[in-house]
Structures are given as C-alpha cells and as structure tokens.
C-alpha cells in the first residue's frame, strides 16, 4: 500500500566516497580528460550499432523473422525472395537517417564545446587554451559572460569581497542569478600571492557524482584549512554574470563533471493512447496466430481426406505425407500471408507525426510570451495526445499562478499592525515596496527594521544607477527594499563580512559571524551577528508554523497571530521575525562546533542542522511581514475553463491555510457556492472525524482544504482510502504547508490509487521537479527545466495547450492508430476469405511486391498529412466544451478499436467475393468469349483495397488542402502505374518473377464489369450506413456539437 512518507527531520545528504587530489599531480591518467563526446556512433560502429538498437524493437524483430520465413522455399509466398525486406529497409533507413542527423548535431556541438577558449595559468602567466586541454588541478580564469569549462573550486573573483554571480539556466532552467562567495583566504592568496608558481595544496572532496545541489570538501593551502561547500563550487555549463572574472581550481573534468553525469537519459514516458495501442497489437497478433492455426488445421483435415487423389497432381514427396508437417507448413505459410496484420510503418509514422505536432506547438504564436522572448517548448513530443486526456491538474502557486514579483505591503511589530489597502502612486512608488501607512514610525521600531536589513543573503552590485540588489529569493528582495524604505539601507558586505548599513546618511557596520541558510526542510534562515556595542544576536526569520514554536511566551504573541491570520486572509505571504541575545562564552563554544562541522565533508549538513536547531530556540518574537505576490494574467479564466472541462484542479502550496484560501478565491479556484471542507487538525483521530464528516456532507459542490501535517496523517494506513474517496467528491483541492517531497508523493498517490486517470503537474522551479516528473505530463512555468515534458511561460497558455493542441493531437492520433489497423485488416482478410474457396491452401492472390509496398507507398502519406494538418474547426473556437472527447476517451477504447477492425472485416468480405464472382464467374468477353482469370480479379481486389483506404481518409477528414487531396489521388494512381510497370515485359519484371499476373492490369480495364464493381463496392462499403455518413458529411455535425447537445439535454432533464 502506497503512503506519503514523513519528511526527514534533517536535510538529507547523500554520502559518497572520498577523492583526494594532491597538487602538483604526478599522474593525470587517474582522471578523465576534459574532452567530451556525446555521439552514439562513428564511421565504423554506425551500421552494427544502429542495427542493434533498431532490432531491440519487437516490431522490427517480427518483420525480420518474416523475412527469414520468406526465404524458406517450402512455405515462401514470394518464391523464396524475402521481399518484406523492402518495406523493412525503408523503415530502418528512415530511422537511421534520423539517427545520423541527430548524431551529426551532437558531433558538431561536441566540437564547438571542446574548442572553446579559456585562460589557464602557466609559469609564464595566463595563456589561452582549449577546453579539451584542461586537466584536474589546473587554475583557470573565467571572464564575464563566459561558461565554466569544468567543475571548479571558486578561489577568487574581481570583486574584493570574493563574490561572483552565476547563471545556471543551462543546467536547471533557473534564470535568477545565484551568488557564490570565495573564501577570504583563497581570495587574498590567489589575487596577491599566486603568480603561476607550482601549486602545492591538497583537496579532499566527494568522488564525482550527479547530485547538482551538493558539494562538500576541504582545501589545504599553505597554513589554511578551508571548508568547501556549494557556495565555493562552480558547475560546468553555468556562466559568469555581472562579475568581471573569477579564478577557479579544476576538480572534475569531462565526463566526471556533474552536468555530464546528469546527461543520462531519463526514463521514457508513454502516453495512455500508446499503452492502449500496444495492448491491441498483442491481441491482434494473438488473433493472427489463432487464424493461422485455424487455417493450418483445416488444410490438414482436407489434405488427410484427399491426399490419395491429389498426391500425383501436387507432386508431393513421401516426406510431405506427414500430417504434422503439412500443418506446420500451412501454419507458417499463413503467417507469411498475414504478415501485414501488424502495420509495419505504424510506429515510425506515429513518431514522425508527433514530432511535427510538437513543432506546431513550439511555433504557436498564441503561446509565445514576448516580454521575455519565450515560446512554448516541447521536450517530449511522445506525450502530445496525453495533453488531450488530462483529468487532474496539480499546480504550484508561487511563480505558476502568480507573477513571483513580491511587494512589501504590511507588517506587525510589538503587537501593532501597520499597512493600509492604499497603493503608492507616482514618484512615491519604489521597486518591491507598496507600503502605505503614515502612522508607522521606523525609528520607534528600529529593532524590527534592522532585522530586515541584516537577516538575508542578498548581495549588492555597484552599477551606473547606483547600488543594485541581487537576490536568489524575491521575498528577500522585498524585505531588504522595505528596510531601505524605512531608513536602513543595506549597502553590502566588506571583505571581512561586515554588513554595511546606511542609516540616515551615516554608515555603520554589523559583523556577520555565521549564516545558517534557508532550506525547504528548515523553512527558516538565521544569521548570527555582533552589533556595534559588542552584543551577539541571533536573528531568525521563517514560516510562522516553525518560528512560533521556537519563541518564548510573550504578551504580543496572541496579537501577532491574529494579525497573521488577517494577512493570510488577504492572500499575503507572511514571515515571522525573531531574535535572541547569546553570551560570548556560549557563542565561542557553539562557533567552535560550527567550524568543525563545516570541515566535516560527510556529516556537514546534518551537523549544521543540529547546531541551528540548538541556537534557534527560546527566541524573542519581534513581529511579522506581509508580502503580496500578484496573480498572473487570466488565471481566473483558465482555472474556470479547466473546471468546466471537468478537470480536477489541485493547488499544492507552502502557504498557510488562510493565505491559500484567499488565493483560491482570488484565482477562481474557490467560489462562494462551494462548500469549503477544511481538514487541519493535529491528531489523527480528529483528522479522520473531519474527513468522515466531509464525506457524508450532502453538498454537491465541495472543495477540500488540507494542511501538510494533516495530509501526512490522512495518507497513512487505512485512512488513505477514505482520503481518496473524499478527494473524488471534490472538484478542487488546496493542500497547504506541503513540502516539495510531499507534492511529488501526493501526485504519485493519486496515480497509484486511480490508475485510469491522467495527471498533469505544473511548477516553476527546482523545488517542483519531483512533482513534475511524478505526473503523466510535466510542465515547467517560467523556466524550461530539463525535467519537464513541456514548457509554457504563462499559466494562461495551459488552456490552449490542452484544449487546442492536446485535444487535436488526441483526436488525430487516435484515428491514425485505428486507421492503420483498419487498412491492414482490409488488406489481409481477402486472403482469408479466398482461402475458404481454396481449402485454406495458403495461396497468395496478390502480387508479392505490391503486397509489401502497401504500407509504405499506397497507404502511408495521406494519413500522415491528416494527423499533422487536419483540424475539426477553427482552432480559436476550440474550448473546454470540446475537451471531453479526450478526458473521457471517446475516440479510442477497446470497443472503438474493434469497431474499426469490424468495419475493415466487412469491407474485405465485400471486396473479395464481389471481385471474384464479378470477374471470374460472369459471361466472357463479348468479342472473344474469354473469362478473366483469378489474377485479374486479384488485381482489381487489391486496387479496391487501395481505393477504399484512401477514400476513408477523405471521409474522416475535416480540413482539405491542395497537397493532401493531391497525395490521396496520387496514392491511388501509383498503384495502377506501378502495377502496369510490373505487368509489362520490362527487365525489372523478370527480376520480380511475376509471370502469373502478366497482362492482368490491361485485362481488368478491358472488362466492363470492373467499373460496375468499383462503384458497387465503394457504395456498399461507405454508404451502407447512410444515416451516419449523411449526417456527418452533408449536415456537418461535429463531435463537439454532439457533446454540447448532450449537455443541454442533460440540463433540461434536471
């Protein structure tokens, strides 16, 4: 039974073995070269390796076995010539050409990367060198806007504080700059002492590993032992921004760098439609085996009764009198005849179509966000049709539903609340602050304002416009901007990590002693500082659910909690501020343990967690802040249409319940006519009572709001089923105070307990990656992270992605799959029907070469063009009301699939017997009295198959363009042209060994019955259901209108 896991108390750290690098390095062969190669093939390995990869596909193995069977004279239906190799070779060639082109791109990219230039320190100074020549232990210099050539230890920068700004867009999709800080000892040594002399130092670090957001180590340089963390680690592929240069020491090169270790392919996802298709392929294959057994058994019985009379006529050898041998030969003969039961080109066709559909998604200008020049992106076109079948949407809030642009709006301090609903206007408006309240006097609350100015990780940059803040978190940017607005402007940090603050034109310093960073597990940040008067203070800020448990009792606690609820109900993001003073003796002892923890490369995170937990207790409550994050454009309309399409919408957020509820109302997730069911108790018994009461509630329109703590208890043990039952009754769910780990587990829980539904997750950052990958379809918001299947820059584009592209891809791909099996049934079953007239002897009545060309020449391009270009209506008119054909699987199911097969079965029956009796059993030609042979009938029979399958495309198409109409006509014409070529006495016909059909094409056209048969079969095949086709083609009633009509009827009945 699947359960949500309790998150670890401490931040998890993956332990790796240790690598020691002693400089100067004596043996470089111990380490990988920095030259990379992502190519799959070279000139020698391409053919064997590509064939090996392609023949890992079951379909290709199947058709290769057919080729082997065709080479056995006793059962061959092609005179021992394996002509199945012609279409198989075409399929393999198309795939091979695609692989060559992709590998060519990879080779070009490798060459460009290996040939990039960077500066390397030599005994003669900085020299230019190629990336591929960089080795472990080399000291390199990276200039502004350049990429890092390997994984480096950050030693120094052009900034005298040792600060560098890094962009990791190529690694995790994040466009926000990340700050890195070199240790002050390396900053000083590499900028003043080091000039190219032999470097004598030791590095102890982790063995190469793919964990991007983890690094720990030690650098022993001269008399210094310097702890290394992620702050001193520069990842290959990231780039230097807003910093003139940095100096780095190479630790991991080439395929040992983190980005290369992460380049392993992720597990492939398959759409529901593909999974359903694969099941039908298995059933079709079993049916093929059953028919072969039936035909072989029937022939064996006939042969047993007639072998005496037929042995001389059939020129049988004595060994062939064995019944088992006859059954075996007949079985495999029919296996060859039924080869095309499984469409040879289906998988290649589907792959090509999906690729083209993906291009149209990328090219859609209505999903292009001009503000940051971002189109929609497709990372996994194999899931195109899955976008048209979504039942659940799981969404993060911050940056996905909101703009992720924070503005400081309100605050509470010493039990008083400040901030009004008014807005700052005109010149008074400053960036990231929209605070209006003249009663707030900053000087009265200097402790609160100083907390804002000191407790953060923001770094500053001097520009032409003055000091600019660089923040990894927009919340911190709003808080520090507010401190400046209140009179305490953060200027920066000096080389000794003194915090510089401008207070009314005077600069004073606060000594930064220690920083314990914010993590999603801790949900708080702490700095230890020494004030000007020598006092040591611990400044802590974080989520109210965490901080309020760590404060000592005080008289403002009650008022502050009330104010937090008010802020939350207004949809504002809250942070609680607290502090405490510690003695010099305690701090010295605690700091000694902190320094030792920083040097422990294996247990560093765990030890820092414990030290933070220790010092962050018995805090004094200062106050709280309230920050506004505005909704994106048209979020309300998008969520409304998702709900109208009967898609369940879940918002998973780290906000407190009151904040989430307010956001839920403002974004249209919640409405006044909904019954709000809140589950937020602490004890499991109370939680279960809340869930049971919610289940028995008679309200029809329910919305569930549940806290992260309650969620953990509700999804353990027997309570899971009741929780799932409750969520089934709710159209929307708001999960509050949930961690990134819980988000992913919740998505997986729904998938495990409801395997029939399709889920989509959309998030906007590295903390949403697990949620994104857990869903059937993963979408990234503002950034195009590699973990997602698709990327859109605004939430409103989700509507078009699902209701237009997803819906149309599902419709077209469903029909493409059904049609491929329909046309192959139409091709194969005339052989079975004729077998009933020929004692199931296995006689192939079609020309073997035409038979193999069917799926690659006569019936391939029209359906491809349909699946790429057809549209049921103007795409701008598609909306939620048309989406249900996919979410309810109205176009592809076992029943629908076999209706297509049944249609092909009946049409094959018409073709076989009308052609045979219309050609072979009628009066002879008027002039000669000649009665046409079976081969004339078979030529017409095959021609009718080609005609019907192409007309079928016309009938289910909605859009007609000159090129697809031309291709349909050309496909029919090709059959008669190629048949004429094969039919003549050209040299090619000698090689094709087609003596039995010589002259049949001319005789077919000379027979007047041919034209009557073509009209008759076409009419009976497609107009035997006149009501359906008349309504569809003449009155042009669309599927979408049927759905709308059905909904109207249902509403009238109610």
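Cβ from N, Cα, C; glycine included.
Those TrEMBL annotations? Automatic predictions, nothing curated.
According to TrEMBL, the protein has these features:
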- 396: active site, 4-aspartylphosphate intermediate (ACT_SITE)
- 396, 398, 764, 768: Mg(2+) binding site (BINDING)
- 396, 397, 398, 476, 518, 541, 573, 653, 654, 655, 737, 743, 767, 768: ATP binding site (BINDING)
- 22-81: domain 'P-type ATPase N-terminal' (DOMAIN)
- 785-1035: domain 'P-type ATPase C-terminal' (DOMAIN)
- 281-303: transmembrane segment (TRANSMEM)
- 323-350: transmembrane segment (TRANSMEM)
- 821-845: transmembrane segment (TRANSMEM)
- 851-869: transmembrane segment (TRANSMEM)
- 890-919: transmembrane segment (TRANSMEM)
- 934-951: transmembrane segment (TRANSMEM)
- 958-978: transmembrane segment (TRANSMEM)
- 1011-1031: transmembrane segment (TRANSMEM)
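Features as recorded by TrEMBL, highlighted on the structure.
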residue	record	contacts (Cβ under 8 Å, 6+ apart)
398	Mg(2+) binding site	404, 629, 653, 654, 764
518	ATP binding site	457, 473, 524, 525, 542
573	ATP binding site	406, 475, 626, 627, 628, 629, 655, 659
737	ATP binding site	543, 545, 654, 655, 656, 657, 707, 708, 709
767	ATP binding site	520, 740
768	Mg(2+) binding site	396, 400, 740, 743, 761, 780
Simplified DSSP label at residue 767 (ATP binding site) comes out helix
DSSP composition of the domain 'P-type ATPase N-terminal' (22-81), residue counts helix/strand/coil, works out to 25 helix, 2 strand, 33 coil
Around the Cβ of the residue listed as 'active site, 4-aspartylphosphate intermediate', other Cβ atoms within 10 Å, all chains included, total 25
Next item on the list: Flag the pair the transmembrane segment (821-845) / the transmembrane segment (958-978) as in contact if three or more Cβ pairs fall under 8 Å (sequence separation 6 or more).
Entry: no
The predicted model's mean pLDDT over the domain 'P-type ATPase C-terminal' (785-1035) is 82
CB neighbours within 10 A of residue 764 (Mg(2+) binding site), counting all protein chains shown, number 26
Row residue 654 (ATP binding site), column other C-beta within 10 angstroms, all chains, value 24
Residues outside the transmembrane segment (281-303) whose C-beta sits under 8 Å from one of its C-beta atoms, at least 6 past its ends, are 310, 323, 326-328, 330-332, 334-335, 338, 341-342, 821, 832, 835, 839-842, 901
Residue 573 (ATP binding site) -> DSSP, reduced to three states, gives strand
By a three-class reduction of DSSP, residue 398 (Mg(2+) binding site) is assigned coil
